[in-house]
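Lifted from TrEMBL, the feature list:
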{"type": "COMPBIAS", "residues": "129-145", "note": "compositional bias 'Acidic residues'"}
{"type": "COMPBIAS", "residues": "163-186", "note": "compositional bias 'Basic and acidic residues'"}
{"type": "COMPBIAS", "residues": "202-211", "note": "compositional bias 'Basic and acidic residues'"}
{"type": "COMPBIAS", "residues": "675-695", "note": "compositional bias 'Acidic residues'"}
{"type": "COMPBIAS", "residues": "1345-1354", "note": "compositional bias 'Acidic residues'"}
{"type": "COMPBIAS", "residues": "1363-1376", "note": "compositional bias 'Basic and acidic residues'"}
{"type": "DOMAIN", "residues": "1-98", "note": "domain 'C2'"}
{"type": "DOMAIN", "residues": "251-372", "note": "domain 'C2'"}
{"type": "DOMAIN", "residues": "415-546", "note": "domain 'C2'"}
{"type": "DOMAIN", "residues": "959-1084", "note": "domain 'C2'"}
{"type": "DOMAIN", "residues": "1131-1257", "note": "domain 'C2'"}
{"type": "DOMAIN", "residues": "1457-1586", "note": "domain 'C2'"}
{"type": "DOMAIN", "residues": "1707-1858", "note": "domain 'C2'"}
{"type": "REGION", "residues": "127-214", "note": "region 'Disordered'"}
{"type": "REGION", "residues": "657-711", "note": "region 'Disordered'"}
{"type": "REGION", "residues": "1294-1316", "note": "region 'Disordered'"}
{"type": "REGION", "residues": "1337-1398", "note": "region 'Disordered'"}
{"type": "TRANSMEM", "residues": "1957-1977", "note": "transmembrane segment"}
Amino acid sequence: MALLVHLKTVSELRGRGDRIAKVTFRGQSFYSRVLENCEDVADFDETFRWPVASSIDSNEILEIQIFNYSKVFSNRLIGTFRMVLQKVVEENHVEVTDTLIDDNNAIIKTSLCVEVRYQATDGTVGSWDDGDFLGDESLQEEEKDSQETDGLLPSSRPSSRPPGEKSFRSKGREKTKGGRDGEHKAGRSVFSAMKLGKNRPHKEEPQRQDEPAVLEMDDLDRLAIRLGDGLDPDTVSLASVTALTTNVSNKRSKPDIKMEPSAGRPMDYQVSITVIEARQLVGLNMDPVVCVEVGDDKKYTSMKESTNCPYYNEYFVFDFHVSPDVMFDKIIKISVIHSKNLLRSGTLVGSFKMDVGTVYAQPEHQFHHKWAILSDPDDISAGLKGYVKCDVAVVGKGDNIKTPHKANETDEDDIEGNLLLPEGVPPERQWARFYVKIYRAEGLPRMNTSLMANVKKAFIGENKDLVDPYVQVFFAGQKGKTSVQKSSYEPLWNEQVVFTDLFPPLCKRMKVQIRDSDKVNDVAIGTHFIDLRKISNDGDKGFLPTLGPAWVNMYGSTRNYTLLDEHQDLNEGLGEGVSFRARLMVGLAVEILDTSNPELTSSTEVQVEQTTPVSESCTGKMEEFFLFGAFLEASMIDRKNGDKPVTFEVTIGNYGNEVDGLSRPQRPRPRKEPGDEEEVDLIQNSSDDETDEGGDLASVSSTPPMRPQITDRNYFHLPYLERKPCIYIKSWWPDQRRRLYNANIMDHIADKLEEGMNDVQEMIKTEKSYPERRLRGVLEELSCGCHRFLSLADKDQCHSSRTRLDRERLKSCMRELESMGQQAKTLRAQVKRHTVRDKLRLCQNFLQKLRFLADEPQHSIPDVFIWMMSNNKRIAYARVPSKDLLFSIVEEELGKDCAKVKTLFLKLPGKRSFGSAGWTVQAKLELYLWLGLSKQRKDFLCGLPCGFEEVKAAQGLGLHSFPPISLIYTKKQAFQLRAHMYQARSLFAADSSGLSDPFARVFFINQSQCTEVLNETLCPTWDQMLVFDNLELYGEAHELRDDPPIIVIEIYDQDTMGKADFMGRTFAKPLVKMADEAYCPPRFPPQLEYYQIYRGNATAGDLLAAFELLQIGPAGKADLPPINGPVDVDRGPIMPVPVGIRPVLSKYRIEVLFWGLRDLKRVNLAQVDRPRVDIECAGKGVQSSLIHNYKKNPNFNTLVKWFEVDLPENELLHPPLNIRVVDCRAFGRYTLVGSHAVSSLRRFIYRPPDRSAPSWSTTGEVVVNMEPEVPVRKLETMVKLDATSDAVVKVDVAEEEKEKRKKKGSSAEPEEEPDDSMLDWWSKYFASIDTMKEQLRQQEASGIDLEEKEDMDNADGLRGPMKGKEKAKAAKEEKKKRIQGPGPGQASEAPEKKKPKIDELKVYPKELESEFDNFEDWLHTFNLLRGKTGDDEDGSTEEERIVGRFKGSLCVYKVPLPEDVSREAGYDPSYGMFQGIPSNDPINVLVRIYVVRATDLHPADINGKADPYIAIRLGKTDIRDKENYISKQLNPVFGKSFDVEASFPMESMLTVAVYDWDLVGTDDLIGETKIDLENRFYSKHRATCGIAQTYSTHGYNIWRDPMKPSQILTRLCKEGKVDGPHFGPPGRVKVSNRVFTGPSEIEDENGQRKPTEEHVALSALRHWEDIPRVGCRLVPEHVETRPLLNPDKPGIEQGRLELWVDMFPMDMPAPGTPLDISPRKPKKYELRVIVWNTDEVVLEDDDFFTGEKSSDIFVRGWLKGQQEDKQDTDVHYHSLTGEGNFNWRYLFPFDYLAAEEKIVISKKESMFSWDETEYKIPARLTLQIWDADHFSADDFLGAIELDLNRFPRGAKTAKQCTMEMATGEVDVPLVSIFKQKRVKGWWPLLARNENDEFELTGKVEAELHLLTAEEAEKNPVGLARNEPDPLEKPNRPDTAFVWFLNPLKSIKYLICTRYKWLIIKIVLALLGLLMLALFLYSLPGYMVKKLLGA
């Protein structure tokens, strides 16, 4: 199915020139090669091939353009030839000679000759003409009899073409037919085509001859210009550039580097759930408890009494240590239970469930403050049962969760808008039934010992299948199982398991498991997970989940039955299965229920019922498949398996499994239908090849046993030499190839995309030019690929066995890929130099989507397993997906490893492959595999390296389609391999010293060699060339050039005892030089390249090396290029890397700043006393001075030293720099303390500043205006747009916003507190938090991507230690990028006179360090490591290996330096580049730590709470604030400051810890945070004391620093050698060339105004980053949020602590007293509520006497959280109208925190509690009306809850009072009792009716009056109607007392009227009963009398 265009010649050209042709069909163009210097005839003679999937239409056009090619300018068009393909379609072959037309469509003389052929897509495989695929007539003549299928060969796949290579093979092909030239011509097989050699270009094509493997950039440019027709450079695209990809061969697949399966290994997870409150719970007057379940763990909240909107705010944490798969399938269930107590379990109100995976998939892995919808699983018609507001977060190790800031949240949150549902799930979920249909299974293994079976067989003669299977399905926390089919390997069930759940479900996976029923315990046979996301689509054209009926394959442990299977976990679905277990035919359907339908069973119990069986053929027609494999090499066999003969077994399903595939179903060969006969014949060429039915081909599935030979002391190999064993297997499977083909097409697209993206990343990383061009190329390929998919995937529509899922998936894949193609096109146009990174991120999304789409949920052919067997035991395996091996005649559909040589590394099965055992390779195979339909199998040898003869089994001789049992290679080539091992870096630390003694071992085919061992280093520079001689490679020489085998390099650590430890492995492909090629650029000599080293799945360093494979020609080794090593080095037998490959060096100077050592731990139990630091880089180094007494002063006395060293010019090749600390002991002994390797010197390279930068210009004044009173607010709202930074609109809270916030009752300024005395530090803090939240909100709104910002910052922040002058620039740009902190002008700019302006501080939601680059602006901290690197399973982290820290810095520069550096004023040569650093003598400092509060602490007590207190450690000081612990709080407010005196450098690490107080036993550590004070103290950012926003001398915002702003400014100017500060005129200051303005007066306590310079000085400090050259951001007044960590739970946050630290040197003036930040004491209030009247209360009772409706009303009230203090009015009896009169007063005293709008309650939790617990709950008043009953419980009638901060204003009259006031449906003005003080009115009372809807059940008239405790004391009132200030008695009507006044009248009335007949009936009935009783009583007596005749 292809269009072939053979462009022969172009004649009558004018002039001489280089010509190039471009041939275009369906938008895909190919370029010919360039014909240089041709005259009037251009003899192109090239063939181009387009594989076509959909038939060519007769009006499609082929276009050929001929250009004059220019290397420099754009190509000039000579003429164009266009041809309509009508004739081609009709005749399949046309030859044309025609003239060209020019741009203006005029005919020109030039003519061209072209031949076009087309193979139609009529689906018949046998209708090709002879030679259809031959581009070469001479060959056709020669072999008319043989079928040439070259076009089908994957050897010419475009995907692996280097850029510019032609698509089809060139004509001048070398005819090398393997030595079978004249043998039986007639029987010559299809393979004769194979002997023709590969895509070998003709000798006359110098251009292709040595296509560079790594294209140099100038080649790329030339190529780009040629490909892009010389377009504008911003649109040029490039094809692949990296060596690994360009060199990707046509006959080999890329090996997979990572070894270890990542799934299945247990990890630490923490699920934290905060239950905040519940609302709208259905039910009356309930006592709700919330139960939180994760998996099988349950926790309960406390019970809240008689409320249906309880407030809990309780925090639960669940810790797990399981594998990710198990974790993400666990179900989180939140349910509300009504009135649970010790004795009864309570009734379920409703529940909500979702799986952990859904939460983990959320941004930040969490849902924050979201409402979960409760529904009742037992009553699906009922609708929702209420809402629970909660936070759910799932943290794995190393995830950090950004908690949105917790502060006074207003509770008016809109429930509907914040539901606990992932994006895109509709809030109204419907109930649905999930039908999982289980039809049948096949191929089950035996699950019983055969011993018993043999006994049974002997006695009873029965022969049973040894397995009793049933299927169990798990979904959303429920499970259902089918019946058990006794003793059956092929059970038939035809049952369906029905689940009922809400749709779309929040559980992603359904687990289907076949289990074996057993008397003792049931075990799993195999498990399959159905991912609902893959079988449904939620788009608007989506479809409900659907599956099958289709087979799914199950994999697990090996099939041999043992009682205790060590790999049982694999059968449970954990980890990668190592063997086929069974296949199961399943189907799945979903039906959305109509819950209004009365016939529905409303329970959600799982049901199992019969289902209708499906026909055999529904899963596809059974076809015979053929799998062929050839083992070309087996090496690196672990020495444990070296002594016994080894054999390899290949299986597909149970086919080929000789050992334990016992229960293999003997598939019949499908009968040939008449139509098939001829088809098969055509393909097989003659049916004589096929012997009789079935007897032709027994499978051979394992290689003959062979004893391994030794390679080196660790590995063995099998000596296959020229005889390569083969295997072949016939198997029968339903033909569902289309599914796999579609997946393959998508995989191909994804692979190319991934490869391209890696290229781009590599280019960015190595700073190659034009990464954007490569990215454009990638996007072009992507959009082409997507369009190809659309044309290919739509075939086979009529296939009968296509399931609904097949059809729907195809539609959705086509939609997705179509849109992806479009997006890629538009994206390509947007790729520019500076957007590459962003666009790359978008490509990442494409890639994920493609990989997701390509994963086919309905399996067809099982995977292929290759097992290594030794001594009949299975040792190690590899698993290859069958789709990767599947053959197709359409190139894109071909599996990526089909007909290719694949390098496989065998690994141990199951858990044995975890950890270090799994990293050693068990065996490395070079294996050729081919899988396809038997009838297509004539091509199965097409991809093998050429030059072999087949050896067939006896019965197959002479039959050409019979597969060989081995291949004998007649061609072999001799090669020499040179491995240039230069260096490695960042290796794994394998010894306890924290270093390793590394050497590398290089394996190639069956030889191995080692480099020398370098002791004690993680960055060895071996600089060694290893030469492998006498390598024999089998196959054609030229094939080996493109397809050399891979080289494996393993790095080991040499141990004196025992064997060497494995440290990592990597692969490389050598660059091959054939004997007839010249050893010259561009290909040779090869470049050194970095290869990533892997250890398991983790990266473990890089290797810098180059490899070349040189053919030894006929002249022997004399022809090989000479080895010219560096002259000056003599290293004996070790050969250094030759010149030309080793890097070019130049002289660099490295200056080292030695500051000091910190926190050194003991070495071998001895303390470190006299340490020294040794610095080494590239063999040179320098030592620090000795520290004579580490305890007394750990700093060095000589600060700066330097050394010179030769480093490579190319910065990427710079060797690492090693820092080692040794302790000098007595008698000249040294002990290593620890070491650190700086793997990249780039951040320390000094780059001279660019003096032309704008930030340098010191001429002219720049005025920075700071007046806060400016009416126009220009500065703040300016939008800065800059070419490099995204537009950032400075956040600016507009005035109206402020107003609104204040109206809401913002904590900061209640109106009645106008004076400053009411404001305290907390007002400032809460105002700042509001600002921060506002900013975060705006940030989300403006979509500023924080990560991008961080990327940009990192790029700016790592430029070198002394970026000095550049720094200003970086900081400025950073400032533009950052969202500005609230400046003085922002919080409230033009202050209204009514309200005071609150000064704010900066609240950082993270550590201060992360905001200021760890304060490493000139002093860097290097962690010293010691001890082995932990592997994951020990859970050890780098933290545990740290034995101390070295503080210092580096500066690297080329010598000699430019002159002007040393000419600056005050240059001190002894300090080199480190000018102006402070002295490092000891200094005493007062450290003041302010701890504000902690949030989300990890519970430490059984009750799920903690009793936290603060502990502070600094040096010898240890403060434990144990007395002031806070009882039972996980969000404690500490509000304390601690003063500690410390002397730097001895005491510089501050630890602030939170402990949990325990009455008995030791206190537990909850978490701690460590702060390095020294770096802060010396930092240029001035982190000693934050700079406040405004300067004031008194009040809450008093200036904390002993130095005033003007003094600080003067000092900074002096230190930075800046001109200034020049004050004056008032309100102005000039620093360098910047002028700052600001207010010039200040008010003191007494309101006197004085002139001052402090305000302007402060404004200069707040904008210090604008100062040229020295500017940097100064730390503002702030509160930082630090995560608390616990060493026992590494990497998982245990809560957060908000604090800040001030430091004051003791030699400066002393600071004032610390700020008072003690927590606000709640204010005491009294709320007086008078209930005057009620009206329209529903009448509940029928009057006992009169039968009238009435109610005995009373009103109950309480403040939320104080239910036990509830107060009731008296009862208004017998209200007939619903009216009640009470005149009753309640008194509620309470403590209230205005800032947080919460009531504070302290009470003991239970009688056993030691102390009171403090609760904070919202201020809400509840009023309820009840109907009093004498004998039964009172009936609840209705209620209203008023939030005292914002509740609807009461109506003036009862009439105006409506239900809508309470439900919020009408806009009622909201009032706050704290502002109004007194409110009176009518409020509605509501209850829910049977249908769960609110209804109005009454109205109450009440008066609320709020007084402070003092006012209440002055003006006391009585409770109820008591003194003082009594209320008058209510005037109640008589009817209320009718019962007491005239009881007889009532009774008569009652009896006569209503119950007369009832009473008569009762009397008669009683009489009747009496008669009956008497009759029965006397009956026996009479009977006896009668009988005895008495």
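Placed from the backbone N, Cα and C atoms, the Cβ positions cover glycine too.
In the predicted structure, the domain 'C2' (251-372) carries a mean pLDDT of 85. A contact between the domain 'C2' (959-1084) and the domain 'C2' (1707-1858) is absent, since fewer than 3 of their C-beta pairs, 6 or more residues apart, lie under 8 Å. Residue counts of the domain 'C2' (1131-1257) by helix, strand and coil are 12 helix, 56 strand, 59 coil (DSSP-based). For the domain 'C2' (1457-1586), DSSP puts the residue distribution at 12 helix, 53 strand, 65 coil. Listed stretches 1-98, 251-372, 415-546 were compared with the domain 'C2' (1457-1586); the greatest number of C-beta pairs under 8 angstroms is found for 251-372. DSSP assignment over the domain 'C2' (251-372) gives 14 helix, 61 strand, 47 coil.
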